[in-house]
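K.L.:
Have a look at the structure that comes next, please.
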Amino acid sequence: MANVVVIGAQWGDEGKGKVVDIYTEFADDVVRYQGGNNAGHTLVVGDEKVILHLIPSGILHEGKRCVIGNGVVLDPEVFIMEITKLKANGYLKDDKMLLLSEALHIIMPYHKRIDIAREKKSGSKKIGTTGRGIGPAYEDKIGRRGIRLMDLLDEKAFTRKVKEVLEEKNLILTQLLGEQPFTFEEIYEEYMKYAETLRKYAADTSLILHQEIKAGKSLLFEGAQGTLLDVDHGTYPYVTSSSTCSGGACTGSGVSPREIHEVIGISKAYATRVGSGPFPTELEDETGEQLRQAGREFGSTTGRPRRTGWYDALVARYAVRINGLSGIAITKLDVLSGQETVKVCTAYNYKGQVLTEVPASLEVMELCTPIYEELPGWNEDITGAKSMAELPKNARDYVARVEELSGAPVVLVSVGPRRDETIVLRNPFQLD
C-alpha cells in the first residue's frame with residue numbers, strides 16, 4: 001500500500017495526464033484535489049485521444065474509483081458534458097466509481113462573466129486567465145461567499161445564499177465592468193437542473209478516502225497546473241488561484257499528510273509556459289518554434305500556443321524543495337531529437353550577479369537571463385526505446401545531467417505520447 005502525489009514541477013502542461021494514467025494501474029482511487037476546468041489532461045490510449053478537464057485520468061481504467069475533492073471548483077455544465085462524452089465512449093459504466101466532495105465549490109455564471117470582463121479591462125496587464133470563472137470562484141470561497149455542492153443540493157440553502165450574493169455580483173458587473181446583470185430566476189432554473197445530475201455523485205469524500213486507507217487501499221493524487229503557478233509559491237500574480245503544490249493534495253482532499261508516501265514531480269525535457277509572467281529560458285526564435293511544433297505545444301483547454309524554452313534546473317530544484325519530491329518524471333524527451341545541441345539553464349544572470357536559486361521577487365525574475373550549459377544532442381528516433389540502455393548515449397547523458405542538477409532521482413522517462421512509449425525506472429507504488 002502506498003499513497004502517491006503527482007504534481008507539475010514547472011508551469012503546467014508537463015504531461016501529468018500520461019504519468020497518472022500509467023500509475024493508475026497500481027492505485028485503487030485517483031483523487032483530483034485542486035483547480036477546475038482551466039486544466040486539461042491529454043491522454044493517448046491506443047489510437048484514441050482523450051482530453052479531460054475535470055474528471056481524473058483514472059476514469060479510463062475500469063474498476064478505479066475517481067474522486068473530485070473539496071479543493072476543486074466545479075463547473076456543473078462542464079462536468080456533465082464530460083461524463084456524457086465518457087459514457088458515450090464506453091467509460092464510466094458504474095456511477096459509483098466517480099465521487100464529488102459535498103464540500104467542493106461551484107462555479108456560478110457570474111464568476112465566468114466577471115472573469116472574462118476583468119481580463120478584457122486589464123489590457124496589457126493581463127494575467128492570461130482561461131476565462132472559465134476559476135479565480136472568481138476561489139475568491140468567493142476565501143471570502144466565505146461561495147456556493148458549495150451541498151448548498152446546490154439543498155434548494156432552500158441555494159436560494160438563500162445565491163440571493164444574498166447576487167446583488168453584490170450584479171453591482172460589480174454593471175457598475176464596475178459594464179456588463180449585463182443576472183436574474184435569480186435564470187440562475188435557479190439552470191442550476192436546479194444540474195443538481196438533479198450531480199446528486200448521485202455527491203459524498204463525504206474525505207471520510208471515504210480515510211476508510212480506503214484504513215482498508216489498505218492505495219491512493220493516487222492527481223495535481224493540475226504546476227508548481228510555478230501555485231498561488232503561494234508561484235510567480236505571483238501570474239499564477240492560478242489554488243494550491244498546486246504537494247501540500248494542496250492534503251488540504252484539497254481531506255487526507256492527512258501522514259498518509260502521503262511519495263511525491264513525484266513531472267517535468268518536460270524542456271520548458272513551456274502559457275499566459276503572461278516571467279520565463280527566463282524562453283526561446284523566441286526558430287528553435288522555440290521547432291520545439292512548439294515538435295511537441296505540439298498548444299493548450300488542450302484554450303488551444304493557445306505555449307511559450308517554449310530550455311530546461312531550467314533552478315525551477316526544478318525549487319520544485320524539489322517546495323514539494324519534497326521523491327522522484328522526477330521526465331516527459332517529451334523525444335521532442336529534443338534532431339537538436340544539434342541541447343541546453344540546460346544552470347544559473348541566472350541578474351544585473352551581473354549570478355543567482356543559483358529562483359528569486360522570490362517577480363521584478364528580479366523578470367530581469368534574469370539564463371546561464372546555460374550546452375550538451376550534445378541526438379538525431380535518433382527514440383520513441384521505441386524500452387530502457388535507458390536503448391537510448392542514444394547523448395540522450396542518456398542529458399537525463400543524467402538533468403537528474404544531477406535537479407537534486408532528485410529520475411523515476412520515469414517518457415519517449416512518446418502513447419502509454420507504452422515510457423521507460424519506468426522506479427515504481428513509487430512499490431515501497432522499499
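Yeah, the Cβs are placed from backbone N, Cα and C, and that goes for glycine too.
When I checked Swiss-Prot for this same protein, it listed these features:
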| type | residues | note |
| --- | --- | --- |
| BINDING | 12-18, 40-42, R306, 332-334, 414-416 | GTP binding site |
| ACT_SITE | D13 | active site, proton acceptor |
| BINDING | D13, E14, G15, K16, N38, A39, G40, H41, T130, R144, Q225, T240, R304 | IMP binding site |
| BINDING | D13, G40 | Mg(2+) binding site |
| ACT_SITE | H41 | active site, proton donor |
| BINDING | S300, T301, T302, G303, R304, P305, R306 | substrate binding site |
K.L.:
Reported as an integer number of Å, what is the Cα distance between G40 (IMP binding site) and the residue listed as 'active site, proton acceptor'?
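P.N.:
Distance between the two Cα atoms comes out at 8 Å.
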K.L.:
Applying a 10 Å Cβ distance cut-off over all chains shown, what neighbour count does G12 (GTP binding site) have?
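P.N.:
If we count other Cβ atoms within 10 Å of G12 (GTP binding site), we arrive at 28.
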K.L.:
Counting distance between Cα atoms, which of the binding-site residues G12, G15, K18, G303, P305 is nearest Q225 (IMP binding site)?
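P.N.:
So, spelling it out, the nearest of the binding-site residues is G12.
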K.L.:
Quick one, of the binding-site residues N38, T42, T130, which Cβ has the fewest other Cβ within 10 Å?
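P.N.:
Across N38, T42, T130, these binding-site residues, the one with fewest Cβ atoms within 10 Å is T42.
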K.L.:
Please list residues from the chain of G303 (substrate binding site) whose Cβ is under 8 angstroms from its Cβ, counting only those at least six apart in sequence.
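P.N.:
Those within reach of G303 (substrate binding site), by Cβ under 8 Å and sequence separation of 6 or more, number none.
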K.L.:
Between T302 (substrate binding site) and L333 (GTP binding site), how many Å separate their Cα atoms?
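P.N.:
Roughly 24 Å, rounded to the nearest whole number.
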K.L.:
For K18 (GTP binding site), just count the other CB atoms lying within 10 A of its CB, please.
P.N.:
27
K.L.:
Within 10 Å of D13 (active site, proton acceptor) (Cα-Cα), which of the binding-site residues T42, T130, R304, P305, R306, V415?
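P.N.:
The binding-site residues close to D13 (active site, proton acceptor) (Cα within 10 Å), listed in sequence order, are T42, R306.
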K.L.:
For the binding-site residues Q225, T302, which Cβ has the most other Cβ atoms within 10 Å, all shown protein chains included?
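P.N.:
Checking each of Q225, T302, the winner is Q225.
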